[in-house]
Amino acid sequence: MESLGRKVKEDGVVIDEKILKVDGFLNHQIDAKLMNDVGKTFYESFKDAGITKILTIEASGIAPAIMASFHFDVPCLFAKKAKPSTLKDGFYSTDIHSFTKNKTSTVIVSEEFLGADDKVLIIDDFLANGDASLGLNDIVKQANATTVGVGIVVEKSFQNGRQRLEDAGLYVSSLCKVASLKGNKVTLLGEA
């Protein structure tokens, strides 16, 4: 996705050789037009897969996931990092480690919203080590639902996330692949 790649290169801030900050358009302030294009691109990639639910994790995955759900015309469901007082029982849970925050959280999804008939597209903002997507896939499995694929907005191709997801049998579609953050510069896959 060319417009996303341009945005990542122009507005992304390299924190170090493994961390890219995209707060200006994805993780804090959201570029709605770009997220609409992201959602539409995910739709084009998975439109024939019979998707019934989009699943993400709060908070940064919500913007691209909601736009994808708009284009698919299916509900968007997000795993919560804290159990709300309104949810007494009947939920799936798993532990997910955040690469960026270096913190493990137990996330939950209500059984009310995810079931065996669902065909799920997992969407996340970043792919680093793959822990978030693997955790969400675990929740899908607990529901006896089917993960059709994983849609990633920005993949850090120099980390092992894609390999871990593919080793788990998951199809991965990434819209922007970052090859390197060396020299305080974003280099996309395929660039010299």
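Along the chain as shown, the residues are counted starting at 1.
Note: Cβ is positioned from N, Cα and C throughout, glycine not excepted.
Here Lys156 (xanthine binding site) comes close to Lys18, Leu20, Phe126, Leu127, Ala128, Val178, Leu181: these same-chain residues lie at least six apart in sequence, with C-beta atoms under 8 angstroms from its C-beta. Residues or ranges marked as xanthine binding site in Swiss-Prot (evidence: sequence analysis): Leu20, Asn27, Lys156.
Taken from Swiss-Prot, the feature 5-phospho-alpha-D-ribose 1-diphosphate binding site applies to Ala128, Asn129, Gly130, Asp131, Ala132, supported by sequence analysis. Packing around Gly130 (5-phospho-alpha-D-ribose 1-diphosphate binding site) is summarised by its Cβ count: 26 other Cβ atoms lie within 10 angstroms of its Cβ, all protein chains included.
In the structure shown, the C-beta of Ala132 has more C-beta neighbours within 10 angstroms than that of any other entry among the binding-site residues Leu20, Ala132. A distance of 18 Å separates the Cα atom of Gly130 (5-phospho-alpha-D-ribose 1-diphosphate binding site) from that of Asn27 (xanthine binding site).
Of all the binding-site residues listed here (Asn129, Asp131, Ala132), Ala132 has the Cα closest to the Cα of Asn27 (xanthine binding site).
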